[in-house]
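Trainee: What Swiss-Prot shows for this protein is this:
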BINDING   Gly4, Ile5, Val6, Ser146, Leu147, Thr148, Asn160, Leu161, Ile162, Pro163, Glu164, Thr165  2,4-dihydroxypteridine 1 binding site
BINDING   Cys48, Leu49, Thr50, Asp62, Leu63, Met64, Gln65, Glu66, Thr67, Gly101, His102, Ile103, Lys137  2,4-dihydroxypteridine 2 binding site
REPEAT    1-97  repeat 'Lumazine-binding 1'
REPEAT    98-195  repeat 'Lumazine-binding 2'
Amino acid sequence: MFTGIVQGTAPIHSIKEKANFRTQVVKLLPEMRKDLEIGASIANNGVCLTVTEINGDLVSFDLMQETLKITNLGTVKVGDYVNIERAMQMGTEIGGHLLSGHIYCTAKISDIIASENNRQIWFELPSADVMKYILTKGFVAVDGISLTIGEVRDTQFCVNLIPETLQRTLMGRRKVGDIVNIEIDPQTQAIVDTVENYLQSKNF
């Protein structure tokens, strides 16, 4: 499990294509590697990945074809950066909201509105079906970042970002047209699905 509080970004050092999967090697800072062991879980752009090898500051992950297909990790290149969050431990402060690291879909950045002290970013989701889980003032994870939804319109929603989030995460470098990973809030999904199933059972 993760909290959606990204610890920083890290560059892709190398990518090794193999039969039906890819090994992605990321260069992690010392504070990101503390007590790190093979088998540990680390979120890369919000995707829960398992550490397969540690070689100094280089940490390897294996990504299956399904992960490459449904997330933006399938398009990253050597030199690109990813958001990094270590798995939460017992007693960890949950500053965001609980995340599983299982991506629901991707979204495209449709607009970026900059102001003096923050930035509003709009996202276009692939279908209206996803929007039932996107509620104003609700939670959503974008590239592993726990964010509050500011406004919802048709198949779009926006978030408002403070300078700290822009500096610590990839959001400060994102451009219109970029693709981001979306994990919907599991509690919201459970409530919406339960109500929907109940209404269907009553023929509403």
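Each Cβ is built from the backbone N, Cα and C atoms, and glycine gets one as well.
Remember, predicted model here, so these are calculated numbers, not experimental data.
Let's see these features in context: how buried, what's close, how far.
Mentor: Summarising the environment of Leu147 (2,4-dihydroxypteridine 1 binding site), the number of other Cβ atoms within 10 Å of its Cβ, over all protein chains shown, is 22. The secondary structure of Leu147 (2,4-dihydroxypteridine 1 binding site), as reduced to three states from DSSP, is extended strand.
Listed in sequence order, Phe21, Arg22, Thr23, Gln24, Val47, Leu49, Leu73, Gly74 are the same-chain residues six or more apart from Leu63 (2,4-dihydroxypteridine 2 binding site) with CB atoms under 8 A from its CB.
Helix, strand and coil counts under DSSP for the repeat 'Lumazine-binding 1' (1-97) come to 14 helix, 45 strand, 38 coil.
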Trainee: Relative to the Cα of Thr50 (2,4-dihydroxypteridine 2 binding site), which of the binding-site residues Gly4, Leu147, Asn160, Ile162, Glu164 has the closest Cα?
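Mentor: Out of the listed candidates, the nearest Cα belongs to Gly4.
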Trainee: Relative to the Cα of Gln65 (2,4-dihydroxypteridine 2 binding site), which of the binding-site residues Val6, Asn160, Ile162 has the closest Cα?
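Mentor: Of all the candidates listed, Val6 is nearest in space.
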Trainee: What does the structure give for the C-alpha distance between His102 (2,4-dihydroxypteridine 2 binding site) and Asn160 (2,4-dihydroxypteridine 1 binding site)? Integer Å is fine.
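Mentor: Each residue's Cα considered, His102 (2,4-dihydroxypteridine 2 binding site) and Asn160 (2,4-dihydroxypteridine 1 binding site) end up 23 Å apart.
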Trainee: Please report the number of other Cβ atoms within 10 Å of the Cβ of Asn160 (2,4-dihydroxypteridine 1 binding site).
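Mentor: Asn160 (2,4-dihydroxypteridine 1 binding site) is surrounded by 16 other Cβ atoms within 10 Å.
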Trainee: Across the repeat 'Lumazine-binding 2' (98-195), what does the mean pLDDT come to, as a whole number?
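Mentor: In the predicted model, the repeat 'Lumazine-binding 2' (98-195) has a mean pLDDT of 94.
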